Structures are given as C-alpha cells and as structure tokens.
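Here is the structure we will look at, set down as structure tokens.
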Amino acid sequence: QSWEKHTQWGIDVLEKYVKFVKERTEIELSYAKQLRNLSKKYQPKKNSKEEEEYRYTSTRAFLATLNEMNDYAGQHEVISENMTSLITGELTRYVQELKQERKSHFHDGRKAQQHIETCWKQLEASKRRFERDCKEADRAQQYFEKMDADINVTKADVEKARQQAQLRHQMAEDSKAEYSSTLQKFNSEQHDHYYTHIPNIFQKIQEMEERRIVRIGESMKTFAEVDRQVIPIIGKCLDEITKAAESIDHKNDSQLVIEAFKSGFEPPGDIDFEDFTQPMKRTVSESSLSNSRGDGKSEPKFGGKSKGKLWPFIKKNKGAGPEDFSNLPPEQRRKKLQQKVDELNKDIQKEMDQRDALTKMKDVYIKNPQMGDAASVDHRLAELGQNIEKLRIEVQKFEVWEVQKSKCTFVMLISTTISPDGSYTEEQSQETEMKVPATDFDDEFDDEEPLPTIGTCKALYTFEGQNEGTISVAEGEMLYVIEEDKGDGWTRIRRNEDEEGYVPTSYVEVYLDKNAKGAMTYI
C-alpha cells in the first residue's frame with residue numbers, strides 16, 4: 001500500500017504541475033490581450049485631431065512605444081503557445097500513459113501475491129490432511145492391537161481391524177507424500193515470488209517513478225527555456241522603445257508649436273508724442289495700439305479687434321468663428337484656409353472615385369443588360385456630378401479668401417508735409433488704390449512700381465476671378481508671370497499694363513525665364 005500511495009502521489013504532483021503550467025499559459029494570454037487592448041486604446045484615431053498631434057517627436061515616440069508594446073504582447077502569446085504544446089500537451093498524454101503503466105504493475109503484483117497465497121493454502125490443506133490421516137492411522141492401530149489382545153473377539157473381527165489399520169497407514173503415507181510434494185512446490189514458488197517476480201515488479205515501478213521524476217525535471221527546464229527564447233525579442237522591443245525615447249527633440253517640437261501658432265503680426269511701433277500745446281492737425285501713429293484718428297483724443301484702445309492680435313494670452317470666446325477664418329491671425333488663417341482646401345479636395349476625389357466606379361458599372365450594364373439596368377445609376381451619377389461641382393465652387397471660394405489674405409494690400413503712398421502754420425497734413429497720392437476687405441489686422445502697403453515679367457504661363461482651366469486681387473482667365477489663354485508661387489498656392493500674372501492679379505497655381509502651366517530677375521517688395 002505504501003508503494004501505491006507513493007506512486008499515486010507522484011502522479012498527483014505531475015498533474016498539479018500540468019495545472020500550474022496551464023494557468024500560467026492562461027495568464028500569458030490574458031496579459032497579451034490586455035497589452036494589445038491597451039495599445040489599441042491609445043492608438044490615434046483615423047481622421048481625427050489626434051493624428052495631427054503625432055507630428056511632434058514626443059508623440060511619435062509614444063506611438064512607437066505603443067507599436068512595440070503590441071509586439072511585446074505577441075511574445076507573451078508565443079510563451080503561452082509553446083508552453084501549451086511542449087509542456088501541458090505532452091505531460092497530459094504522459095500522465096495517462098503513466099496511470100496505465102502503474103495499473104499494470106500493481107495488477108501483476110496482486111496477481112503474484114494471490115498465486116503465492118493460493119500455494120500457501122494448498123500447502124496448509126495438504127499438511128492438515130497428512131496430520132489427520134496420521135492420527136486416524138494411530139487410532140486404527142490401537143484399535144487393532146486392542147482387538148487382537150481380546151480373547152473374546154472373533155478372528156474375523158480381528159482381521160477386519162487389522163485391514164483397517166493397514167488402510168489408514170497407507171492413507172497416512174499417501175498424505176505424507178502429497179504434503180512433501182506440495183511443500184517442495186510451495187518453497188519453489190515462494191522463492192520465485194520473493195526473489196524473482198516481486199523484485200521485477202518493484203524494479204519496473206522504480207523505473208516508472210524515475211522516468212516520472214526525470215520527465216517533470218525536463219518539463220521545468222522547458223518552462224524556463226520557453227521564456228528564455230523570447231528574451232532577445234523582448235529586449236529588442238525595449239531597445240526600440242529606448243531608441244524612440246532618445247529620438248525626442250524638444251527643440252524641434254518647440255519649433256513646430258511656433259510654426260503652428262504664430263500669428264504673423266509685427267510688434268506695434270512706438271506711439272508718437274502728441275503735443276496738445278499747439279492747435280494743429282495731428283496724426284496718430286499707424287503702428288500704435290489705437291485704430292482711431294483725431295479730435296485730440298488719441299487714447300490707446302485695448303478693446304475691440306486689436307485686443308486679440310496684441311495679447312495672445314487673453315482668453316478667446318468659444319463658438320464657431322467666421323467661415324473665412326478672418327478672426328484668426330494671418331499665418332494661422334492661411335493654414336486654416338489651406339487645410340480647408342485640402343479637405344474639400346479629398347472630398348472631391350472621393351466623389352470622383354464613386355462616379356468613376358458607377359460609370360464602369362453602367363458600362364457593364366450596357367454591355368450585359370441581364371446584369372442590371374444601366375438607367376438605374378443615372379440619378380446617382382447626376383447627384384455625384386452636382387456634388388463635385390458644389391465642392392469645386394467651395395474650393396474656389398476658399399482659394400480666393402486665401403489669396404486675398406496672402407496677397408491683397410493697400411497700394412497707398414502717404415506723404416506728410418508741414419503747413420506754414422506748423423500743422424501736419426496728409427497728402428494721399430493719386431495712384432491706383434487696391435483695397436483689402438476689412439479685417440482685424442494692420443494694413444500693408446506696396447510700392448507702385450510695376451513688377452518685371454519673369455516668364456509666361458498658359459491657363460489650363462477657366463478661372464473666374466470674382467474677388468478683389470484676383471484676375472479672370474480663360475482656358476488656353478497665354479499671360480505673363482510677374483511673381484512665382486511663394487508656397488501659398490497662388491501665382492501673380494499680368495495680361496496687360498492695366499490688368500494683373502492672382503490665379504491658383506494649379507490652374508496654369510508656368511514657363512519661367514531663367515535670366516529674368518523678378519522682385520517683390522512687402523511693406
């Protein structure tokens with residue numbers, strides 16, 4: 001029984017280890033799943049504001065960390081898979097084989113024990129029979145001797161007693177012989193039992209136990225080796241995270257913030273001294289904080305539209321601003337307008353892709369009427385055509401606003417003279433004046449001198465220049481280029497001495513004169 005208990009305990013230990021490894025694999029899978037969910041949770045959403053944030057090196061490093069954590073999770077899945085196949089699966093099969101082997105060995109042991117016990121019982125029965133026959137022979141001999149000594153007993157009775165005594169003696173001899181044979185056989189069986197059968201069974205059980213112990217040791221080594229195999233890959237993931245962290249450039253991120261939020265304003269100039277001791281016509285400095293002129297009250301105004309452009313730390317009112325973003329500083333407004341144009345162009349491309357797909361479908365229906373009615377897509381094609389036209393109008397509108405803000409300036413020459421009585425007067429030149437729509441920014445002034453021609457261009461499409469600062473062109477028209485695209489999407493052209501303006505760069509094909517030296521002056 002002690003052997004049975006010990007071998008059963010060994011199997012229980014093996015099953016316990018299998019259960020331990022199985023739970024470890026479940027933990028690894030759960031951990032990997034949680035890591036993947038965590039990485040997915042913090043990934044930037046497509047077409048969202050978060051994508052814009054990943055232009056900074058710090059956020060890109062964070063994105064790299066999320067991607068590496070995803071790979072890191074994959075290695076924990078590998079650990080789970082390898083432990084399942086190499087340990088739990090193999091040991092589970094081995095436990096079943098071990099149970100069968102153990103059952104077979106103990107069955108052989110019980111069979112051997114039962115055989116020796118049967119031999120013992122046969123020996124005991126033979127011994128008792130021999131003992132009984134000897135006693136019966138002794139009693140028969142005593143009875144014969146008694147009958148033979150009695151003179152009153154007939155010869156027949158004496159002869160009968162003598163024959164009975166001889167019979168009992170013969171039975172006793174037979175029992176003796178049988179007992180001796182059974183005893184020899186039992187001794188032989190007992191010797192084989194204790195020196196051959198049982199030792200062999202114990203040897204097999206011992207070998208079985210030793211194999212079990214070796215097997216669990218090998219499984220523990222595999223347990224460690226499975227982890228060790230993924231350490232280089234996990235280390236590589238951690239190295240990539242470290243590399244991403246070291247790639248963070250605080251100077252670059254700061255410069256991106258500056259580029260994103262710079263207003264484009266120039267700092268205001270000094271406020272002119274106003275002498276109230278003399279009656280004169282005074283002028284307030286164009287670069288002062290005030291937007292008002294005259295009547296002797298030139299007190300700076302910090303309210304109104306100038307407030308936002310001068311003091312960037314003032315909290316802005318929430319809510320939707322004007323459609324043309326005229327409430328924003330010049331640089332930010334330009335970026336917003338360009339962003340809006342890009343979004344509209346993407347929408348146009350989507351609509352055009354849908355239209356192309358439907359057109360192909362219609363062609364298929366025309367060639368194979370059994371597949372569908374070609375007229376069924378006409379309504380949708382018409383809708384897509386209308387949508388594309390509306391979007392193009394929107395693009396043109398925003399492009400015009402962009403060129404207005406980027407290019408249109410006052411062309412004004414101001415000359416200041418002193419009258420004989422000592423007062424200041426302003427004389428405005430009679431040159432042609434081009435006005436910018438009213439905005440919340442300071443006016444800009446350009447020189448009147450016309451710009452030189454730096455090349456020619458051909459209009460690829462018709463453009464209706466309906467806003468001030470732009471010029472209308474017809475498809476195929478040849479014009480002169482007087483200013484290249486400065487990165488804002490507009491090119492300045494001239495038709496003749498009196499007609500010049502801006503057109504979208506994408507609407508013209510430009511041929512520059514390499515020898516020309518164009519110049520542009522901003523005031």
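Cβ coordinates are placed from backbone N, Cα and C, and glycine is handled just like the others.
Taken from TrEMBL, the feature domain 'F-BAR' applies to 1-253.
Here TrEMBL flags 144-175 (among others) as coiled coil.
Summarising the annotation, TrEMBL assigns region 'Disordered' to 282-305.
Per TrEMBL, domain 'REM-1' is recorded for 327-404. Counting residues of the domain 'REM-1' (327-404) by DSSP class, helix then strand then coil, yields 72 helix, 0 strand, 6 coil.
Residues or ranges marked as coiled coil in TrEMBL: 334-394 (among others).
Per TrEMBL, the feature domain 'SH3' maps to 452-513. Mean pLDDT, taken over the domain 'SH3' (452-513), works out to 88 on the 0 to 100 scale.
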Intrachain neighbours beyond the coiled coil (144-175), with Cβ under 8 angstroms and 6 or more residues off its ends: 126, 129-130, 132-134, 136-137
Residues of the domain 'SH3' (452-513) by DSSP state, where helix covers H, G and I: 3 helix, 29 strand, 30 coil
